[in-house]
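According to TrEMBL, the protein carries these features:
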- A:1-23: region 'Disordered' (REGION)
- A:Leu31, A:Gly32, A:Cys33, A:Gly34, A:Val35, A:Val36, A:Gly37, A:Ser38: NADP(+) binding site (BINDING)
- A:Lys126: NADPH binding site (BINDING)
- A:Glu211: L-homoserine binding site (BINDING)
- A:Lys226: active site, proton donor (ACT_SITE)
- A:370-454: domain 'ACT' (DOMAIN)
2 protein chains.
Amino acid sequence: MTPTSAHQGPASTQAGDQTTESSTPLRVGLLGCGVVGSQVARMILSGADDVRARVGRPVELAGIAVAHPDRPRARLPQDLFTADAQALVARDDIDIIIEVIGGIEPAYHLIMSAIEHGSSVVTANKALLAAHGHEIYAAADAHGVDVYYEAAVAGAIPIVRPLRESLVGDEIRRVMGIVNGTTNYILDKMTTEGVGFDRALAEAQRLGFAESDPTADVEGFDAAAKAAILASLAFHTRIRGSQVYREGITDITPEDIRAARGMGCVIKLLAICEMEPEGVSARVHPALVPEDHPLGVIRGANNAIFVEAREAGHLMFMGPGAGGSPTASAIMGDLVTVARNRTRGVAGPPQSIFGDVPVAGIGTVHTRFHLSIQVRDQPGILSQVASVFARHGVSLQTVQQSALEGASKEDGWSASLRMVVHRTRESDFEACLAELSQSPIVNGDPRFIRVEGM
Amino acid sequence: MTPTSAHQGPASTQAGDQTTESSTPLRVGLLGCGVVGSQVARMILSGADDVRARVGRPVELAGIAVAHPDRPRARLPQDLFTADAQALVARDDIDIIIEVIGGIEPAYHLIMSAIEHGSSVVTANKALLAAHGHEIYAAADAHGVDVYYEAAVAGAIPIVRPLRESLVGDEIRRVMGIVNGTTNYILDKMTTEGVGFDRALAEAQRLGFAESDPTADVEGFDAAAKAAILASLAFHTRIRGSQVYREGITDITPEDIRAARGMGCVIKLLAICEMEPEGVSARVHPALVPEDHPLGVIRGANNAIFVEAREAGHLMFMGPGAGGSPTASAIMGDLVTVARNRTRGVAGPPQSIFGDVPVAGIGTVHTRFHLSIQVRDQPGILSQVASVFARHGVSLQTVQQSALEGASKEDGWSASLRMVVHRTRESDFEACLAELSQSPIVNGDPRFIRVEGM
């Protein structure tokens with residue numbers, strides 16, 4: 001980051017820093033030095049002049065805690081490294097701790113210790129914030145220090161600050177986004193190349209978009225952690241990752257993708273946070289999205305977040321959702337903010353938590369569904385199926401009957417019914433499904449996927 | 001804005017405000033009560049409980065200055081209104097002034113007076129900030145008060161705070177956006193319905209998307225003011241609206257739109273701020289944009305801003321760019337932020353201005369161009385034209401020759417050459433144009449439009 005020094009022509013004419021500057025440096029401890037941490041270290045060291053200009057005071061990297069401090073690292077001074085993270089967060093000369101270790105422990109105890117020692121904290125750790133964020137925010141408030149975490153959701157895309165500050169005078173109704181680049185890459189690959197999940201995953205792993213153990217991404221745990229953070233911010237409450245309804249994408253087949261395209265839709269893994277009459281619904285699941293919807297056009301490993309607010313209307317934020325440099329950019333923005341606050345002897349605005357809004361279960365959610373079932377190709381079937389829906393007060397929007405591929409007239413189950421139902425309460429739809437599963441006119445279990453953004 | 005009170009079920013379980021609250025209200029003076037001001041007044045009055053919860057202190061509307069205080073206004077207490085704006089900003093009991101009058105005067109003197117009386121300021125006034133923003137920011141710094149202006153650019157879309165805070169640790173290279181809803185509506189109408197500028201403008205006026213005097217929008221003055229604000233924020237410098245290169249859309253013809261579509265492009269009025277070797281370039285002009293570019297798909301009166309940063313990569317922000325409620329949402333977010341700062345006895349981060357980066361003239365910009373000229377349909381013409389480009393070091397990307405509609409072979413000027421040139425310095429392209437204009441092989445003046453996002 002060299003906005004000041006990079007303007008080689010212009011820089012020579014600059015009038016000098018105009019903010020009141022203290023020459024005592026702020027000192028930063030960095031926990032972790034992997035893909036993100038090494039970029040953060042590089043940006044603090046090589047962008048020192050710019051950081052100083054923005055903060056009004058020098059910012060120094062005072063130590064880096066890693067598992068293997070003796071491992072040679074290009075362009076980072078070896079004497080900064082230590083294996084003793086606990087000693088680093090307890091050091092009296094540290095003002096700000098940046099945590100990019102990830103995971104719950106030891107990150108949680110290190111951050112709590114840093115706060116108790118009076119340091120402000122910048123973290124990218126979504127899993128930790130979704131599990132223990134509210135204890136961390138309370139500790140920070142009690143000690144008058146900052147906890148900033150723009151990098152924890154959607155990488156470099158500014159979404160935490162807009163929700164926490166820009167939209168704080170509005171009423172947010174819904175936040176819906178693609179917040180996991182790995183699964184978007186996989187689903188995009190399945191859509192554009194017609195390949196199956198396993199092959200798309202293998203390709204994502206080969207290119208570094210997926211981990212060797214992809215569970216956290218493909219089962220939706222990562223997206224659920226981000227949904228918990230977004231729902232807490234949007235609705236000024238406390239939602240933990242474990243309270244987020246979660247389905248992953250491992251069951252999505254090329255046939256699902258083809259069926260979606262037949263309806264002018266694509267399949268996306270969505271994180272959705274909305275206010276339902278029963279409370280806050282936070283959920284992660286694959287959904288059909290129209291291919292011309294702002295979320296339908298998000299390609300590859302990008303992220304995008306769609307916000308619906310009462311006064312502001314529909315807003316969308318998009319960009320790279322992960323990666324070392326984008327994540328480090330978000331961390332550096334937080335570092336400058338936290339360092340400015342320190343320099344002025346204040347903390348930023350506290351988390352605006354006004355109480356615990358109840359969490360609405362998935363059954364209370366109102367949405368649309370796409371459903372496919374196998375039936376016998378005989379007169380009266382559609383009427384029988386439709387009567388099941390009518391009995392549960394679920395209204396059909398479209399019905400399409402087609403011959404089932406690979407089936408013979410003889411085995412009876414030769415037709416496929418594809419239906420889209422109007423917006424309905426999920427529990428009513430579930431009751432339909434249960435009755436259809438039991439019905440002699442339906443073969444096997446119905447297959448369904450939610451429909452959003454239509 | 002009723003996030004707290006609107007949660008009817010959840011609200012009953014709320015644990016109460018957890019921030020330290022002072023019961024002394026902060027008092028707000030509102031300058032102007034038109035489309036935006038009346039929404040702001042409504043939100044402050046009807047959302048008082050929510051604002052109080054977010055700020056940690058009650059926020060009261062203490063007075064509204066308007067030209068005609070006796071005019072009856074539904075749902076706003078008549079005794080709040082006054083015709084004496086100067087007396088309102090000078091009142092000792094006012095903490096925050098919200099300015100939504102628009103225009104340079106009397107807004108400028110009222111804001112300066114409010115700052116001198118120790119009030120913080122929230123404004124949506126892009127024309128004023130583009131003309132005198134830096135004097136206003138300096139006065140605010142000198143008096144230790146805030147000036148916030150999220151609503152001045154792109155309505156409810158958070159872009160000022162992301163540039164000022166979220167991306168402050170990165171190096172912004174380019175900001176390119178559709179920041180005027182009126183012109184986007186007109187160009188979109190011309191594109192989708194094939195109508196001319198005058199008819200599209202009349203329709204925009206009929207629907208309230210354009211003023212009866214549309215000059216500020218269609219001639220690009222409004223977009224130029226926003227470009228000046230964006231460039232100042234992105235490059236930590238001072239750019240005024242008058243320093244922004246500006247072309248409007250009044251000369252765009254249905255034929256231009258058709259030619260663009262033939263290339264898979266649409267025409268958009270863009271505000272572009274970028275760092276060139278000679279300094280900051282800020283400019284507003286119509287441009288060809290690929291129809292699948294994130295800016296190419298922005299419909300109607302929406303706004304969108306595309307940011308390229310060194311570390312963060314490509315980010316995009318989109319949403320409603322104008323209108324009473326969206327603009328009021330942005331003002332309310334600023335009001336809460338400024339009120340929180342007051343409550344804690346601090347001011348927000350100062351404008352990060354590090355000096356005056358030189359402004360690069362339009363001639364120094366590097367971009368692509370689409371050019372069409374009338375020539376005689378005879379052998380060797382293309383070679384002669386190409387030699388002009390070669391002489392000025394301008395490289396042709398595509399050339400398409402076609403018969404000129406309505407022209408007869410007999411009058412000689414029967415062919416049209418359409419060319420796209422590779423990224424080149426504008427002054428070199430201008431030299432080509434000048435030579436082609438003088439050339440006996442070319443009829444009339446060449447017609448060109450810049451090409452962005454390809």
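Quick reminder: no glycine exception, Cβ is built from N, Cα and C everywhere.
Projection of TrEMBL feature records onto the structure.
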residue	record	DSSP class
A:Leu31	NADP(+) binding site	strand
A:Val36	NADP(+) binding site	helix
A:Lys126	NADPH binding site	helix
A:Glu211	L-homoserine binding site	coil
A:Lys226	active site, proton donor	helix
Same-chain residues at least 6 apart in sequence whose Cβ lies under 8 Å from the residue listed as 'active site, proton donor': A:Lys126, A:Ala130, A:Ala152, A:Val153, A:Ala154, A:Val179, A:Asn180, A:Ala271
Extra residues within 8 Å (Cβ to Cβ centroid of A:Leu31, A:Gly32, A:Cys33, A:Gly34, A:Val35, A:Val36, A:Gly37, A:Ser38), NADP(+): A:Leu30, A:Gln39, A:Val40, A:Ala41, A:Val66, A:Val100, A:Ile101
Helix, strand and coil totals (DSSP H, G, I; E, B; other) for the domain 'ACT' (A:370-454): 27 helix, 35 strand, 23 coil
Cβ neighbour count (within 10 Å, all chains shown) around A:Val35 (NADP(+) binding site): 15
Nearest-integer angstrom distance between the alpha carbons (Cα) of A:Gly32 (NADP(+) binding site) and A:Glu211 (L-homoserine binding site): 18
Cβ atoms near A:Gly37 (NADP(+) binding site) (within 10 Å, other residues, all chains): 26
Distance [Cα-Cα, Å, rounded] between the residue listed as 'L-homoserine binding site' and A:Leu31 (NADP(+) binding site): 21
Fewest-neighbour residue among binding-site residues, criterion Cβ within 10 Å, set A:Gly32, A:Gly34: A:Gly34
